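Visitor: First, the structure itself, so that you have it in front of you.
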């Protein structure tokens, strides 16, 4: 059976690392997809491969991996990252202090002794100290480079290790054998090696801190669930960890507490704040039988609840998993960065070697020093890290911002497509309307009374889940009408239902069903026109020979429907209403909302056709729906939106899930998608331009015309800054107004 396994990966530093780990995982038999996220240092692997095989493959590629499962694994990963973050700062200071001493002593105070005579011992000591610092503060670069070399690969560690290692080795040769070098070339670069290591570590520390802010959305969601719950067992109340709870357990939720798991209210009542999941601020009333969701905040009341879902089956767990999958998946826009990253480090090493040869051959004296400095600077300034972070860090920030707004984006492609939409198809019931129709009037035929036909209709609708049928059931319940026994029930999709009561066959449904049954509608034209004028939906009840009742059912328009429609139209989006309802009812609602294109009396199977027709016209189409019959259209659309408490089938088919029932979520999702794509393009532009400009300058292209040669230490600072800039740019999405 196919399953998805999440791994934490240690040792990744750049896009080259991502490529190496992905190739290693994809080479394992049984793996169907493997997505590695540099920003999160995680991998999401789908397939049938055993976890042990995945861990082995990652280790053979030169990295360490661990299975991520449960709260403890998340806590362990967070603790390990915090410890590494603190260790990075020690590495920064250990390299920065001696590096600053040498730098200031040479360039500012001119107080360092010469390499000849007794001063030689000073430089030997500096060489030994630098070696020790490189082992402590830069050892992970050399270790990573060695692991990559063993696997015939390369990454950012390769560049840093080559650059700083070459600087130290050359400097030691100058100190030990000064006579082998021209006098102008007798210069040590210990300070360059030290400062570069300090700056790169500083960049990684700042990047980790910024990444932590970017990933805060998932952490906030994980923190919503309390670790303990009040369990009622054998009449005794116990406080137990959630891991020890099972299905059907009875829990007590006190005033102001967070609801621990999904379930239903058994006893008591309260108002629950569900804004952290739905994005909607108003508390929701909960009474006996109401569904409650783990992670939401109880108000002033207290109640008992029965647990219906635990572990990874809870709504909160599924939301977190959906966000993780979105953050790990790569949109099409990421492929360009991946293609460049695959050859980036070898190309940079080749440029550094070419620079060394050209300066040694054509450069002024001391040509050896110039050759060394330029090649070392090329190695240090190149930044595959910024390239690797450009896309995933923006996706993490964008999907995190969306989650905080009650919007769950399934994957990176959905994020990219949502930014291109030009047409929004809106299902009427449950999307534009509240999805809770009410019975407004009953028109019985002669010889029938209202209670009689309502009882018949409600009994027939008992086996149906259609909102219109539920309106009849609700009305009958309010009148305390008992259900009659129904035999041979069947649902006529897109038309209504049929069944037998007391050996008499009945059908109940829409106008199309009456026409299909060849029943006379002529006597019902006057009330039908009244319903059309009021925007009410007609439902007919008939026996085998005649129509015996007409029910007028109306669904209230959502409070924010008009403002949301106008907002979407103001963004230049074309809106289309799609419904199985009568054209007169649909056009009445469309006129209220200002929607100009209406497809009415559409059967569920035809919704898919409408989407395909719009796509054939070259439109980028979104479908917004909430029911099972919307699922094919949601899957066909370029972007499928499941809105509100939609069915599991609709949510599974959708690309974006709006946890709240507000239509405003559509506009917010599009706004966040556009902002995220803009950030991705900015990051990619910066990463490419930085390297395209920085590497030639480091190689000395400006020296012949302007006499400008880049210092390796400035190159190290620029490299560190480039990664931090990409992360900080993505972090701006957290402040996006939606």
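From the backbone N, Cα and C atoms, a Cβ is placed for every residue, glycine too.
What TrEMBL records for this protein is below:
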- 3-66: domain 'HMA' (DOMAIN)
- 88-109: transmembrane segment (TRANSMEM)
- 121-139: transmembrane segment (TRANSMEM)
- 159-181: transmembrane segment (TRANSMEM)
- 187-206: transmembrane segment (TRANSMEM)
- 340-362: transmembrane segment (TRANSMEM)
- 368-397: transmembrane segment (TRANSMEM)
- 684-703: transmembrane segment (TRANSMEM)
- 709-730: transmembrane segment (TRANSMEM)
Visitor: Same-chain Cβ contacts of the transmembrane segment (368-397) under 8 Å, 6 or more residues past its ends?
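Guide: Tertiary neighbours of the transmembrane segment (368-397) are 13-18, 37-40, 155-156, 159-160, 162-164, 166-167, 170, 181-182, 184-185, 187, 189, 192, 196, 207, 211, 214-215, 326-327, 330-331, 333-334, 337, 340-341, 344-345, 348-349, 351-353, 355-360, 412, 415, 676, 679-680, 683-684, 686-688, 690-691, 694-695, 697-700, 709-712, 715-716, 718-719, 722-723, 725-727, 729-734.
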Visitor: Hey, which bits of the same chain come close to the transmembrane segment (709-730), Cβ under 8 Å, at least six residues off its ends?
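Guide: 39, 103, 163, 167, 189, 191-192, 195-197, 199-200, 202-204, 206-207, 210-211, 214, 370, 373-374, 376-377, 380-383, 385-386, 389-390, 393-394, 396-397, 679, 682-683, 686-687, 690, 694, 697-698, 700, 702-703.
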Visitor: Take the domain 'HMA' (3-66) and average the pLDDT across it for me.
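Guide: Its mean pLDDT is 87.
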Visitor: Can you count helix, strand and coil residues in the domain 'HMA' (3-66) using DSSP?
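Guide: Per-class counts: 22 helix, 24 strand, 18 coil.
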Visitor: Using a Cβ cut-off under 8 Å, which residues of the same chain at least 6 positions beyond either end of the transmembrane segment (187-206) come close to it?
Guide: 13, 85, 88-89, 91-93, 95-96, 98-100, 102-103, 106, 115, 123, 126-127, 130, 133-134, 137-138, 141, 160, 163-165, 167-168, 170-171, 174-175, 369, 372-373, 376, 380, 711-713, 715-717, 719-721, 723-724, 727
